[in-house]
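Everything on this sheet refers to the single structure shown next.
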Amino acid sequence: MDKPNIKKNDKLELTINDLSYEGKGVAKVDDFTLFVDNALPDETVNAVITKVGKSYGFARTLDIIKKSPHRVEDVDNVYVRTGIAPLSHLAYSQQLLFKQHQIETGYQKAHLDVKVNETLGMEDPFHYRNKAQVPVRQIDGKLTTGFYRRHSHELIPMEDFLIQDAKIDAEILRVRDILRKYKVKGYDEENHKGQIRTIMVRRAYYTGEIMVVLVSRVRDISHYKDITNEILANPDVKSVYLNINEKQTNVILGKEMLLLGGSGYIDDEILGHTYRISPRSFYQVNPTQTQRLYQLAIDKADLKGNETVVDAYSGIGTIGLSLADKAKKVTGIEVIKDAVEDAKRNADINGIKNADFVVGKTEYVLNDWAKDKKKVDVLMVDPPRKGLAASLIDSIHNIKPKRIVYISCNPATLTRDLKALSDIYDMTDTTPVDMFPMTNHIESVTQLNLK
Ligand SMILES: C[S@@+](CC[C@H](N)C(=O)[O-])C[C@H]1O[C@@H](n2cnc3c(N)ncnc32)[C@H](O)[C@@H]1O
């Protein structure tokens, strides 16, 4: 493909014919692809080129000549610009179609004949997140909370985060004001100075319990006892932590987590079971959709009560414990030791006796099981974005569970893995579940049956 004669800062009229997996408009100049911020399919826009690479480039919309009927007009541009809600300018019904089509297109390209059902969306697709990690900076002499402009570390001050639980947004402002009162400084990233880098708040949807984690560059925060007491003055706040992250890094949490006050955890409920959540636990961020996701996964497991089930990538045990009453035995496999301890405690709290949890990488543990000729009837997998390791695919070929339920957060690796399993499994269908409205993230559930 020849690169057309365009360069940075050129202004062009572009016709948008698709939406990329990142939610950017796709336009062609001759055969050269441009990804255009804030542009939707069927729109014509005036845009400025922001970057030209070897095989594709980027542009930013300056004004819209022809608007899509699916454009949401009253969305505050700041959510698109900060990347908090990069699809918020697209009507929600179209977001759901976009997610379904993204998976369908991937399957078609891979010649995978699997039906993709309609995306299960939310009735109210805003203010759903039960966890916030809000960057903190010192701006005009004041500790300020907000979010980064997309692809940068420039903080845009913000009070309503659109997709976070409104009570979390309110708690962030309350904590911000307490820190201001005691003259605590926001982080200065450029000079690696200042104090608070991030405020993390988790709120349990069913119990309303709140956890606050102050991530600090330094250990010494003067008046930390008064600050803790004032944060705990909200009776919903059950735990306050200080996390120390001294490094110049984009990683949010540092190694050290000091409990400043409260119990150290919060409790929440999913499908009638109670879960104890620690500051580092992986816990699904959309509580109402999590129940739909898990219920669908359990339905797809189609358990009769006598099966041996493996819950691979089990986190704090939520999937395995949700289906334990329908199986003979459940074993969770999870690489993070603390999460496995949480999962074991969660089994105890809920009086579940037929579930155990092991620390390890799924690919290693199941490789050992394959060698030992251990039987698995149903395998639930819920891997991170990189999907299943090649060696796990080999072990699955040896163990041959009669059914697999694949929960995926990345259509690309899902497609790759289904393809690699399609020699011995039939795939009935994939159902996207919208866990992340207003964003381009795509979660789905697929059932695989041994041929
Ligand atoms: C998408 S989360 C799912 C957690 C859980 N199923 C849930 O719904 O909350 C993926 C989990 O896999 C864990 N993990 C990542 N790589 C792993 C591996 N190779 N083997 C086992 N667990 C892994 C992560 O620590 C994380 O808890």
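In case you wondered, yes, glycine gets a Cβ from its N, Cα and C as well.
Copied over from TrEMBL:
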DOMAIN    5-63  domain 'TRAM'
BINDING   Gln284, Tyr313, Glu334, Asp382  S-adenosyl-L-methionine binding site
ACT_SITE  Cys409  active site
ACT_SITE  Cys409  active site, nucleophile
| query | Helix, strand, coil residue numbers for the domain 'TRAM' (5-63) per DSSP? | reply | 0 helix, 37 strand, 22 coil
| message | Counting across all protein chains present, how many other Cβ atoms fall within 10 Å of the Cβ of Cys409 (active site)? | response | 17
| Which is it, of Glu334, Asp382: the one of these binding-site residues whose Cβ has the most other Cβ atoms within 10 Å? | Glu334
| Separation of alpha carbons, Cys409 (active site) and Asp382 (S-adenosyl-L-methionine binding site) (Å) | 8
| remark: Same-chain neighbours of the S-adenosyl-L-methionine site, Cβ within 8 Å of the mean position of the Cβ atoms of Gln284, Tyr313, Glu334, Asp382 and not counting those residues, run in sequence order as Phe282, Asp311, Ala312, Ser314, Gly315, Thr318, Ile319, Pro383, Ile407
| note | Tyr313 (S-adenosyl-L-methionine binding site) falls, by DSSP collapsed to helix, strand or coil, into coil
| field | Distant-in-sequence Cβ neighbours of Gln284 (S-adenosyl-L-methionine binding site), under 8 Å, six or more positions away | value | Ile270, Thr290, Leu293, Thr318, Met435
| Counting only residues 6+ apart in the same chain, whose Cβ is under 8 Å from the Cβ of Tyr313 (S-adenosyl-L-methionine binding site)? | Ile333, Glu334, Thr362, Val381, Asp382, Pro383, Pro384
